[in-house]
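What Swiss-Prot records for this protein:
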type     : residues  : note
ACT_SITE : S194      : active site
ACT_SITE : D434      : active site
ACT_SITE : H487      : active site
DISULFID : C262-C274 : disulfide bond
CARBOHYD : N154      : N-linked glycosylation site
CARBOHYD : N268      : N-linked glycosylation site
CARBOHYD : N418      : N-linked glycosylation site
SIGNAL   : 1-25      : signal peptide
Amino acid sequence: MARRGRRSLASPAVAIALFVFLAYGGGGGGGGVCEAAPASAVVKSVPGFDGALPSKHYAGYVTVEEQHGRNLFYYLVESERDPAKDPLVLWLNGGPGCSSFDGFVYEHGPFNFESGGSAKSLPKLHLNPYSWSKVSSVIYLDSPAGVGLSYSKNTSDYNTGDLKTAADSHTFLLKWFQLYPEFLSNPFYIAGESYAGVYVPTLSHEVVKGLHDGVKPTINFKGYMVGNGVCDTVFDGNALVPFAHGMALISDDIYQEAQTACHGNYWNTTTDKCENALYKVDTSINDLNIYDILEPCYHSKTIKKVTPANTKLPKSFQHLGTTTKPLAVRTRMHGRAWPLRAPVRAGRVPSWQEFARGSRPSGVPCMSDEVATAWLNNDDVRAAIHAQPVSSIGSWLICTNVLDFIHDAGSMISYHKNLTGQGYRAFIYSGDHDMCVPYTGTEAWTRSLGYGVIDSWRPWHLNGQVSGYTQGYEHGLTFATIKGAGHTVPEYKPQESLAFYSRWLAGSKL
């Protein structure tokens, strides 16, 4: 079947366009910066949104491997402020295997998405006042191939892992900057959440290695951000029990029994006594929404929706998760991390469908991605954003079921130490009510790097209110929490997220 995607990077049309731009210095115009971008990448309008786009948008494919036809899909949102000077940020969602349109649709993209009324009807789009494109240009990348709208003509490419994903994403960046050379002078950052706690440091490592090796084009890489990200088997695996105790989800007796039986080692149980103690922990928290313990958990359409008033949350928590988001937080929290007490381990990573079958007969709880699914599987939307049609590459899924993924990068501790040791800035943040990748583990591993504290633990504020807590270290490392937020921080606390994002990019203290 004929494909409707963009021409490959090697096409004469693109080569001529780049030559003309470089030879004659094509400048900005019309409020944007991308004058060299191929015309086939321009997004003129998006179905579901009435009115002019708030900035220039571009989308399409970059072929990272010609022989196999391995193509990664991106969506670029130019900064609404000053795209010629503002930072450029690559955004990656996790999984592994989950689409970065998760971030575009539900978190910090240019639009807020409102359901069209049924599962297949086109959603209504409204401008997002807290979009991260207010202060930066953002590239949303579906990676690796097989995720979201990215694909390969050779399905053997869907057998992949951390290191291959990082290499492909680096190839993507090098080719992308050839298409958009205007951005080479902009400060460039890599950001992501959840399993992107692996994607971000490994890709950052590839970029820095390329800079050391003199690879062209030269990327103006400055640093990276990780939100509620996985990092290390031990730190991640031991985080849940102290978190649950600190949040009053388990009693002192249960906590002390687990401590005594497991000797503080909760992730790799070796005795029946420890396993029995952890079973009591799991039983106490099993009905909560692990991605945000403040949010109701919807198990399926056949089960009546619950409210915070009849969950196991202490009454004092019931209003902590209030949000300024104009539309309701989605009812699904599946797709970006792990089941309880299942830290990242070396070797093959189970697919989300396998996790679902292994956890509950009805599938993974707290899930409903109808808005994103309806929009991204609409034929007009696919055409508008230059994505291959459903008839060609299949339906968009929030998390793919085609990957056979290997975690082969090991602990991220050494990556963080290496990158920050070379002077690259790092912002590590946690929604403090995420039980999937709890802040307790993240705070512990950032502290374990051994850097001196230069900004002692303190609250950070927005509009005169405490929005979370932060601690700054040597070598440009910052740890921060966001009060009342879950696993996908901008989804719950969009205003606070734009605040910490813009402050950190500007080099200001939170």
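Quick reminder: no glycine exception, Cβ is built from N, Cα and C everywhere.
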Determine, to the nearest whole angstrom, how far the Cα atom of D434 (active site) is from the Cα atom of H487 (active site).
5
From N154, S194, N418, H487, the recorded positions whose CA lies within 10 Å of that of N268 (N-linked glycosylation site):
none
In angstrom units, rounded to an integer, how far apart are the Cα atoms of N154 (N-linked glycosylation site) and S194 (active site)?
28
Counting distance between Cα atoms, which of the recorded positions S194, C274, H487 is nearest N418 (N-linked glycosylation site)?
S194
What Cα-Cα separation, expressed in whole Å, is found between S194 (active site) and H487 (active site)?
8
Specify the secondary structure state of C262 (disulfide bond) as given by DSSP, simplified to three classes.
helix
Out of these disulfide-bonded residues, C262, C274, which one has the fewest other C-beta atoms within 10 Å of its own C-beta?
C274
Rounded to the nearest angstrom, how far is the Cα of H487 (active site) from the Cα of C274 (disulfide bond)?
27
Is C274 (disulfide bond) helix, strand or coil when read with DSSP?
helix
When the number of other CB atoms within 10 A of each residue's CB is tallied over all shown chains, which of the recorded positions N154, S194, N418 has the maximum?
S194
CB neighbours of H487 (active site) within 10 A?
27
Please classify the secondary structure at N418 (N-linked glycosylation site) using three-state DSSP.
helix
